[in-house]
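J.: The region 'Interaction with EIF2AK2' annotation in Swiss-Prot covers 1-50 and rests on similarity to another entry. The region 'Disordered' annotation in Swiss-Prot covers 39-61, 119-186. Among the features that Swiss-Prot reports, region 'Required for RNA-binding' is placed at 51-143, with the record citing similarity to another entry. Summarising the annotation, Swiss-Prot assigns coiled coil to 86-153. Taken from Swiss-Prot, the feature compositional bias 'Basic residues' applies to 126-143. Under the heading region 'Required for nuclear localization', Swiss-Prot lists 126-138. Summarising the annotation, Swiss-Prot assigns compositional bias 'Polar residues' to 153-162. Swiss-Prot lists 170-179 with the feature compositional bias 'Acidic residues'.
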Amino acid sequence: MASSAASSVRPPRPKKEPQALIIPKNAAEEQKLKLERLMKNPDKAVPIPEKMSEWAPRPPPEFVRDVMGSSAGAGSGEFHVYRHLRRREYQRQDYMDAMAEKQKLEAEFQKRLERNKIAAEEQTAKRRKKRQKLKEKKLLAKKMKLEQKKQSEASSETQEQPSSGSEEASGTEDEEEDAPSFITGR
């Protein structure tokens with residue numbers, strides 16, 4: 001008997017250290033406490049709640065044996081049965097109407113979203129086209145400026161070639177003009 005008592009004795013559980021009671025004052029503190037609790041034991045699985053399923057009424061019965069009316073005799077229990085069936089049917093119809101309205105609103109929302117997306121894409125395309133046009137205009141202006149510069153250089157070279165003697169004299173002037181001048185107004 002002593003051996004059975006010894007085998008049923010379990011080793012003592014490790015004692016948990018006492019924790020101070022912390023009452024969160026706002027949502028951020030509450031979230032912080034939850035995170036700390038989760039991070040104490042990262043191996044433990046985190047409970048993720050399932051999405052609550054939307055309430056739906058019971059489907060209508062496939063076969064109704066006795067179709068009773070509201071004109072059941074006084075004192076009979078049939079009127080209560082009729083009343084409950086009628087209530088369920090009205091509930092089901094209201095639910096179907098609400099779902100149809102919800103689907104209609106969702107479809108309208110999706111259409112509006114699509115229209116907004118198309119309008120935004122059109123606006124973006126318009127602005128992109130404008131940017132490209134400006135870029136091309138700047139590039140064309142730059143090319144024209146380079147061509148004019150080349151033409152002016154070519155024309156100045158053609159003017160300088162016939163007067164080769166004056167070129168030496170004008171060369172010193174060019175050097176003076178190219179030299180940096182720190183005097184304003186020169």
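Each residue, glycine too, has its Cβ placed from N, Cα and C.
In the displayed structure, how are the listed features positioned relative to their neighbours?
T.: When pLDDT is averaged over the region 'Required for nuclear localization' (126-138), the result is 97.
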J.: Treating G and I as helix alongside H, and B as strand alongside E, what does DSSP give for the region 'Interaction with EIF2AK2' (1-50) in helix, strand and coil?
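T.: Counting residues per DSSP class in the region 'Interaction with EIF2AK2' (1-50), I get 21 helix, 0 strand, 29 coil.
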